[in-house]
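One structure is given here, and the rest of the page talks about it.
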């Protein structure tokens, strides 16, 4: 028992360290601040540029369930390995970028990579902690390992913005290097022994996970709000650099992204303490109200101050993200954790894929500001969904 306990302690500590480095390399993507600008330049329009973002999510949607089930069958480590190989190929095709179709192939591989990571990476951390009976500390550790990604995004946003003003081609090729380094890291991960490979029929496995979503009201509300925010809010975030370029010079568009990522990094790092003090649902409700209000004001009256104002919700992004994941992890069953997470991601990815074409076309027709304003307004019902959860929790405690 003593030897097993020592092994478990070594395993979770090593995995947390490696996941932190892995997340830093994911975030150190010099290309991301100007992705929509690069895609639009190669393809010739915001519509086609936005379609690349949509194809990423469409591919993620197609591969979501198979990869989620694969994680529950073959283990967390090798699911990450498969995802990282797909990510390397994606960035190679982006860097070649000879035509729109090279971007499409890259987008398919990136979607595959996201599908491999979706649900699985959270499950790896949760199972690693559960091995040492530390699953109650999931929010704290998830926040800390996620903060490294946002810190890297902050650094890469500044460097990427400056490099873009000299050579976008060199910038995109430079982004391939961190992806290759990620391969070395993921092979060193340890698969948690507590996670047992599932022996049941795959289709029955998915059916059981789907039934749990239907029968669990709180999980349904959380999932609906998450899907709505991701399919509209995350897509809007992808177009932020296009909006910033209309009010700021291109060399400076990395600054708002850097400020947002820095705020998110701090938010992730302290998320565990903030959640213990304010509770998950309170944070989710406040973040949605504040973030959407700031976006409506900044986009409704676009000025040179708008990019800075739109960075302020980032100080809540990390804790909001962890709060949502923490609530969902509590509702998931251990043997279907990755599959259930993939079912949730499936809805968000599908919504993102469909809406990307709409937002791209609207941005071409009326400009990024008006298009993003409309998308923010469409995401307002998420506030009501979180209010229902808040109301339900209060009734249970009284």
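Glycine is no exception: its Cβ is also placed from the backbone N, Cα and C atoms.
Annotation comment: TrEMBL describes 1-394 as domain 'Major facilitator superfamily (MFS) profile'.
Summarising the annotation, TrEMBL assigns transmembrane segment to 21-40 (among others).
The transmembrane segment annotation in TrEMBL covers 46-67 (among others).
Marked as transmembrane segment by TrEMBL: 88-109 (among others).
Residues or ranges marked as transmembrane segment in TrEMBL: 157-187 (among others). Taking Cβ pairs closer than 8 Å, the transmembrane segment (157-187) reaches residues 18, 21-22, 25-26, 28-34, 37-38, 41, 77, 80-81, 84-85, 87-88, 91-92, 94-95, 97, 250-255, 257-258, 260-261 in its own chain, all 6 or more past its ends.
Here TrEMBL flags 251-272 (among others) as transmembrane segment.
Here TrEMBL flags 293-319 (among others) as transmembrane segment.
Sequence annotations record features per position, and here TrEMBL assigns transmembrane segment to 339-359 (among others).
Same-chain neighbours of the transmembrane segment (371-389): 218, 221-222, 224-225, 228-229, 232-233, 235-236, 239-240, 243, 281, 284-285, 288-289, 292, 295-296, 299-300, 355, 359, 362-363, 365, counting only residues six or more beyond its ends whose CB sits under 8 Å from a CB of the stretch. Sequence annotations record features per position, and here TrEMBL assigns transmembrane segment to 371-389 (among others).
Contact between the transmembrane segment (88-109) and the transmembrane segment (339-359) is absent: fewer than three CB pairs lie under 8 Å, with pairs separated by 6 or more positions in sequence. Between the transmembrane segment (21-40) and the stretches 46-67, 251-272, 339-359, it is 46-67 that has the most C-beta pairs under 8 angstroms.
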